[in-house]
Amino acid sequence: MKLFTTDDEEELDTLFKNVEESCKLVQQEKQIQSDKKKSKALKFPKLFHIDDEQLYIKTNLDGIAILKEDAVPIIGSEKKENNNNNFTLKGSNKLAQSSQQSQESQSSQQLQPTKLSKKEKQKLRESTTGPGWFDMPKPELTPEIKRDLQVIKLRNVLDPKRFYKKDNSKNIPKYFQVGTIIEGPTDFYASRLPRKERKKTIVDELMADDKAKKYYKRKFLEIQETKQSGGKKYYKNLRNKRNPEWKK
């Protein structure tokens, strides 16, 4: 049997103390690591950093909140402010007022009706038929429209089976409107124009009809004969007809 002395007991005590301290340190490190993991899992939103100069309120040395005089105008304050900021604000206000006045003057000038001369007024009157005819506009006379108007004036000659009232006016009308006829559901198919016969202008429709062409040619030759009667060619043709065939 070994006997322990007092020195050995003291060494054992120191060893136990060191072991306890090391165990405590290990536990503390584990707790710190676990806390870090929890803090990483919880992400808080970042707050915006605002300077004290941007706020309307400032605090005194006593901790009392007071409004800034430069940022917010206080009602009933009779103090005279002679800072440079106030001068700049007044100058900017004057510039803004002057720009607003110029814009208002320009808008008022635009709204005011300009005075027209007599010629301009006459052109405006002639551009439409007036309120009596629902302000019908004056269209541009293209060569195609001019031909269609001439054909409409000579519609008595187009179809011998139809009677139209004579149009003794020599001038082409100034005010008119062009449109297309749309057949209604009550119209029978025989009264409608097929798609092949439909053209852009009236002249194109007449030239596409073979029967109408033959009729126009026959009438043209008849008119030419009546107009050429009494001339040299007419008498020569009569003489040739009178002469016998052996003399020809």
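Glycine too: its Cβ is placed from the backbone N, Cα and C atoms.
From a predicted model like this one, the values you see are computed outputs, not experimental measurements.
According to TrEMBL, the protein has these features:
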type     : residues : note
COMPBIAS : 83-96    : compositional bias 'Polar residues'
COMPBIAS : 97-112   : compositional bias 'Low complexity'
COMPBIAS : 117-126  : compositional bias 'Basic and acidic residues'
DOMAIN   : 126-219  : domain 'Fcf2 pre-rRNA processing C-terminal'
REGION   : 78-140   : region 'Disordered'
Sequence-distant contacts of the compositional bias 'Basic and acidic residues' (117-126), meaning Cβ under 8 Å and at least 6 residues beyond its ends, amount to 138
Model confidence over the domain 'Fcf2 pre-rRNA processing C-terminal' (126-219), as mean pLDDT, sits at 86
